[in-house]
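Asks: Next up is a structure, given as structure tokens.
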Amino acid sequence: MEEVAAKVEEETVETNVDAVKEDNATIANESRSPESVSAVSVVSNRAASTKKKPVISSNLIKPTASSSLRVSGTTPVTIRRNSTGGVTENLAGTSKVLPKQVSTTASRTDPVRRSLPELRKSSVSSLSAKTVSKPSLSESKKSVPVSPGSRSLTKSTGFSLSKPESSARPAMSVSVSSKRAPSSSVDSSGSRTSSGRLHSTLTSGRTVSKVSSPSAGSSPSVSSSIRSKSFSSPLDRTSNFSGRKKTSTPESRDSRLIILPKVEVKAGDDMRLDLRGHRIRSLTSGGLHLSPNLEFVYLRDNLLSTLEGIEILNRVKVLDLSFNDFKGPGFEPLENCKMLQQLYLAGNQITSLASLPQLPNLEFLSVAQNKLKSLAMASQPRLQVLAASKNKITTLKDFPYLPVLEHLRVEENPLLKISHLEAASILLVGPTLKKFNDRDLSREEVAIAKRYPPQTALCLREGWEFCKSDLAAESTFRFLVERWKDTLPSGYLIKEAHVDRPSEEAPCQCHFGLFQESPTATDQELALKFQWSVADRSLSNFVPILNATKEVYWPKREDIGKILKIECTPVMAETEYPSIFAISSPVQRGKGIPKVVSLELNGELVEGNIIKGQAVVAWCGGTPGKCITSWLRRKWNGSPVVIDGAEDEEYMLSLDDVGSSMVFMYTPVTEGGARGEPQYKYTEFVKAAPPSVSNVRITGDAVEGCVLKGVGDYFGGKEGPSKFEWLRKNKETGELSLISAGTSEYTLTQEDVGTHVTFVYIPANFEGLEGEPVSTSSSVVKPAPPKVTDAKIVGDLRENSKVTVTGTVTGGTEGSSRVQWFKSSCSILEGDNSLEELSTSKVAKSFRIPLGAVGYYIVAKYTPMTPDGECGEPVYVLSERAVETLPPSLNFLSITGDNIEGGILTASYGYIGGHEGKSKYEWHYHKAENDLPGALIPEASGLLQYTITKEAIGKFISFQCIPVRDDGIVGEPRSCMSQERVRPGNPSTVSLHVVGALVEGTMLSAEKEYWGGEEGASVFRWFRTNSDGTPCEIKGATTSSYLLSVGDIGYFISVSYEPVRNDRARGPTAISEIAGPIVAGHPNCQSLEFLGSMIEGQRLSFVASYTGGMKGNCYLEWVRVKNNGVKEILSSDEFLDLSLDDVGESIELIYTPVREDGIEGSPRSIRTDGIAPANPMGLELLIPDCCEKQEVVPHKTYFGGHEGVGEYIWYRTKVKLHGSALTEISYAGEEVVVCCRTLKYTPSLEDVGAYLVLYWIPTRVDGRSGKPVVVITNSPVAPADPEVSNVRVKKLFSDAYSGEGEYFGGHEGPSLFSWYRENDGTIDLIDGANSKTYEVTESDYNCRILFGYTPVRSDSVVGELKMSEPTEIILPEVPKVDMLAFTGKAVQGDVLTAVQVIPKTEIQQLVWSKYKGDIQYQWFRSPESGDKISYEALSSEISCSYKVRFEDIGRCLKCECVVHDVFGRSSELAYAETDPISPGFPRIEKLEIEGQGFHTNLYAVRGNYFGGKEGKSKIQWLRSMVGSPDLISIPGETGRMYEANVDDVGYRLVVVYTPIREDGVQGHPVSASTEPVAVEPDILKEVRQKLETGLVKFEVLCDKDPYPKKIVGEGNLERRMLEMNRKRIKVVKPGSKTSFATTEVRGSYGPPFHVETFRNDQRRLRIVVDSENEVDIVVQSRHLRDVIVLVIRGFAQRFNSTSLNSLLKIDT
């Protein structure tokens, strides 16, 4: 049920906002009083023609009427305005109500919040009700939970059925259809008739009951229909039932008005009040009882003029005050109605909504049909629909802030004269606006609104006049400047005020330009204070942003989509002036790509200092990540080079940076990896630091004879010639004396012993600048200990040689110095750690080199000692080269061991010559002692021992050693040979055992291992042992193998072996272990052979031999093996008959032996070669009865392998052949005819009546042929039944046709022909047309003809009539066009007309006159290149005429023409081409001047040029006095724009436009003029005031330059007072402390007095009294200049009749 209800609801529920159509019709229909019309049933015209959908009823209720409808025919009628705008009508009648139930559809839950303004459409199929005449039928019903005004229903609404308490209680019935009806107006939704308005809204958890009117006796019954989401009142749609879209007068609509009784929503008396049309004048009257519980109050069509008393309705949600006498203001009492959602104020006399308070829940407001001049009111935060049609609204000024407004209606207001009003409304309301004046927003208007600057909405609300978008930026700025100019500091003007386009997390800067207008500057400095604010819309309240008080603001993420406002407050001398502001466009979402706004480098660019880079990054919506920084160094004339490791924001300048410019590179990176553009920042060149030195020290031992070195850490650019000094302190005087200079090294002498040595370091840079000297002192210099010099090693550096260390000892007399020897693998001494001891420390200085020192360097540690035991520093002496070794050699070589097979020989030798490496060992065989070098024994190579093998028996054995040193040096080889030959060993058996399966039929082998020389004829014997262990030799078994037989079953087998050497020496006999018992063998087929011929048709059998116990039932299978390996089992018989399927295949026999106990042996198989085929032969050949054109398939049987392509010959013979004549038919004469050489044959007409013979030679697939087989038919070939096919009509000429067909069925006789005519599916025989040809007559036009063919055989057998397919419709000739010609000239603007030239033939003249239909045209244009080969179609140009346009100039035009006749056919394409189009004569069309008509406005000339491409056309602006034909040229004004000035006042501006084509051709000049130029209103007002006073003074600056033609400068201006009255004018020099005021220029307004202005300087004017008295004046602004000029001319006009033309002089 809910699904059906939802469907009904979906089709019926729509908003009342879309229902707004036309206010006149709506007001008239809605305003009719429901009490004045009898209730009748209504059926919608649209609903009547639409299939009704089922209506589901749930919890039915039975409402009752609260009062009866009483209308007296004699009751006096008070004439007053009601909701229809007219007077009430007198209707007499009585209505009855039949007791019926109310059926309504329960609304399904709608998750989308819907309020009344959002409902779009609804439909009522039929409503019927009757009114009860009894007044006292009020009764409360069960509560219905509804949610008034709510936009989201959380529960579906149901209605409970209430049974009537008495049988006399009537009821009303309403049926609701799902048919859609056109929607009604929103503007007058507050003025709907009381019985049709859906005032009740569904409430959750509330009780709604029927309300009885307090004046039941005189007023009609009050009820309302049910609104379930979107049911609209049938009365609201009265015009819908008669065609909603039609418009008519109110009277005509009234005649169709049908009033329905209202259906009561079960609203309780305490929640609902309906007093419509009760002439109530005050809400505080005694008879009106307003309750705080009321939620639905309907007070329309009364006489209320004040809202006093309405404040008690603090819970009201729907308030209808339409069609009363409210004039406003006085809406303050509504402030207490916080729950109000819908307010209807239509049809009153309201002039202003300024007093309407802010209603936090108001969603719908109707103020249509009032006298509002503007929509100024308090902000309504939830208002969605504002209906303000039929008012007097003229301006958008003070438009309220409506943040969620969706629908705005302002039809029939003067405001509609504003161009692009819809775009202005979009700007004021914002993106929530969906509909304007009952239409969806126009895309064009939305696009136009986007072109306006951000401050447009604010300016509109402040009263700015809406203008074109391209002028809006300048116009709104001027508007704001005009508002601000009086609040700015004195002398300051605003030059600019705008904000950059804001983007997320990117700097947004404001631009305010204030400059001084006055030339005299003040000493006070102007400062600007800033404050940024943010708001959702430009008209909403801006909220200041905390700490956003700078010129630049960085929008945050929460600012996206919002509007920024920057307020700039001028401050001068601690005085704050009113702020000015600028509005931004909505904040855009950042692109996520960061960018660097600025880079700064801090730090002094001096060597050793730290500089730091700081970046200001706009992250543009990205999350800051780890950015990439790097430092680069750039030389003066080089490119930047990256500094390795310098990747931090801080960098310490080093020596390498001196003279270079540092480059800081910064690349912003977000966390997501998005990189911005890298930015660079260059520094100045780095300077070197002043020279200095630190960490000065002395290295070396302070001992006599040692060398001291002074060192220090230099800093300060590149080091230059620094100075060094060595000083020694005098022991007696303590003074320092210079002992060395210019070097950093000093060798201590005997004089230095016991003193301190001082080292002085004076740093100097490369430029010679010296720094502060730094000094340091050494420790006390000590005397030198004993020391060895010139130490060296003497002797031969070879293995086992003696060497000696020598040296000179200083530092006293040498005592028992000690020497210790080492070896070292390095040729350079690197300390004690790399030395390896060879001896202990001894006094002896000689040493014999051991073997371990070979390859090493010899090191001697020489420790000098004095006789008193003082030791000096040891000295290490390294030999010049490494110790060499002797060449490798052997000092002895021998072989020990027994020379017998199996014996082991061992070789030993003595090696000398350094460390032995991998010496080489080899053993050799020698047949004799002189057999050298012998045969190498490979397996013994590299071994010192050799085990003699059998191969060495009888041979000598030798051993050879090749000494090899560890360095790879090879010595001389040396050999040693055994003294005797190798003897063989005694024969013996190493191992013996029986090998093989102990099964009958298996071959056993004796596996043995012999040793003892070469084996001879050893002896084997086999033994059989029974179960009691008694062995028995097996006779004849004397070999190494034995085949088990049946006799061995159950016994054990063993073998004996007696080894015999080849020299017949015998060894002991060995017996193997017994093996057994022997078991019976597995059944086996030892042989298998085929018997028989392997040819197709032969029988194949086999012969098999069996072993393995007693034979049982053996298995066998015959298998066919195909060439592809696939096997097919054929049979299991003892034989196989070969067939055709076996030919070429192999036959395999599988034989499985089976023992009698059922044990199966291994299958054995044999296979044949391919089975050969038999000789080919034909076994059978038959020919069935033959008939013409019926294929004959003979029946044949072949044998002899696979049949190949045999030879078939069909013969035709008139007589039947027999015997040899038949078998030898191939030799027959001409009476026999060969017909075919295929197996199958189809008899033809020639074969009818003859016999057919088939000659067949059977052929095998390999080409071998058999004997031929011949057969003849039993009877002659019979003819076929007569028939005809392919019956068709062939067109001979345009008016002649021929019938054709293909006859079949024996020989044709006199066949019959006929012709038919087909028209609209009816086929009629054409009389007299019985031949094969037919000539078309006029009766055949637009018809089709058919040809009929009845076949007749020669024997008079008649066949079936066959008809051809209908021809195409017989039509006359297609219209032809001889040629296509043009009328008109190929000139821009001219009209070309295509005309056809008709052929003069009679038939074509007839066709064109009688059968011509439409003619289609298509125009084409060639490309710009002028290529006539290709054209582009002009899709819209499809008429015979074409007006040549501008874009056609220089191109060729082509027109294609196709003529269609009345039969739908088309002629061949005809076309005509033009020459290249020439441009038209230049002219200007629709010339006009645009401008607002004041002397301060900008005027522009507009017109449409015609005549090719416009060249340098001439424009001249002129003035014209009203009523005078004279024109005064304005010099220099030849542009399309003209800025008017004060000299134009009272004149018409005239522009003369002379069009000139680009090739110089000049057209006729055209002029346009304006209305007389008026004074700008503000200036006019000011001038009138001054003229009325009669005495005016101005403070001006006077130009005292003696050369007035020069440009006025600021330095030659002096202050003067300009005084004027109605009679005279004078220029007065003000007085000072030293002088009185003096009059410099005085004069009256008589001729030649005049005032001149200067177009190049709008602040300057010249007053000319006469030829000798004139003065140049400079004022502060153009405005003041214009006021002065107009005031002077105003005074002058009274006394001077001179035409103003002589007064308007312009400086050129």
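Every residue, even glycine, has its Cβ placed from backbone N, Cα and C.
Quantities reported herein were computed from a predicted structural model and do not represent experimental measurements.
What Swiss-Prot shows for this protein is this:
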- 67-255: region 'Disordered' (REGION)
- 67-93: compositional bias 'Polar residues' (COMPBIAS)
- 110-121: compositional bias 'Basic and acidic residues' (COMPBIAS)
- 122-134: compositional bias 'Low complexity' (COMPBIAS)
- 149-165: compositional bias 'Polar residues' (COMPBIAS)
- 173-234: compositional bias 'Low complexity' (COMPBIAS)
- 267-290: repeat 'LRR 1' (REPEAT)
- 316-335: repeat 'LRR 3' (REPEAT)
- 337-359: repeat 'LRR 4' (REPEAT)
- 384-402: repeat 'LRR 6' (REPEAT)
- 403-425: repeat 'LRR 7' (REPEAT)
- 489-584: repeat 'A9 1' (REPEAT)
- 601-682: repeat 'A9 2' (REPEAT)
- 698-777: repeat 'A9 3' (REPEAT)
- 895-977: repeat 'A9 5' (REPEAT)
- 994-1073: repeat 'A9 6' (REPEAT)
- 1183-1272: repeat 'A9 8' (REPEAT)
- 1287-1365: repeat 'A9 9' (REPEAT)
Asks: Would you mind giving the whole-number mean pLDDT across the repeat 'A9 6' (994-1073)?
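Replies: The predicted confidence over the repeat 'A9 6' (994-1073), as a mean pLDDT, is 86.
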Asks: Is the repeat 'A9 5' (895-977) close to the repeat 'A9 3' (698-777), in the sense of at least 3 CB pairs under 8 angstroms with a sequence gap of 6 or more?
Replies: no
Asks: Who are the long-range neighbours of the repeat 'LRR 7' (403-425) in its own chain, taking Cβ under 8 Å and residues 6 or more past its ends?
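Replies: Sequence-distant neighbours of the repeat 'LRR 7' (403-425): 17, 20, 23, 117-118, 186-187, 368, 379, 381-396, 432-438, 441-442, 445-446, 448-449, 452, 460, 466, 468, 536-537, 540.
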Asks: How many of the residues that make up the repeat 'A9 1' (489-584) does DSSP mark as helix, as strand and as coil?
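Replies: Helix, strand and coil residues of the repeat 'A9 1' (489-584) number 3 helix, 48 strand, 45 coil.
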Asks: DSSP says what for the repeat 'A9 8' (1183-1272): how many helix, strand, coil residues?
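Replies: Tallied per class, the repeat 'A9 8' (1183-1272) gives 11 helix, 36 strand, 43 coil.
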Asks: Across the repeat 'A9 6' (994-1073), what are the DSSP residue counts per state (helix, strand, coil)?
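Replies: Output for the repeat 'A9 6' (994-1073) reads 3 helix, 39 strand, 38 coil.
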Asks: Within the repeat 'A9 3' (698-777), how many residues are helix, strand or coil going by DSSP?
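Replies: The repeat 'A9 3' (698-777) comes out at 3 helix, 43 strand, 34 coil.
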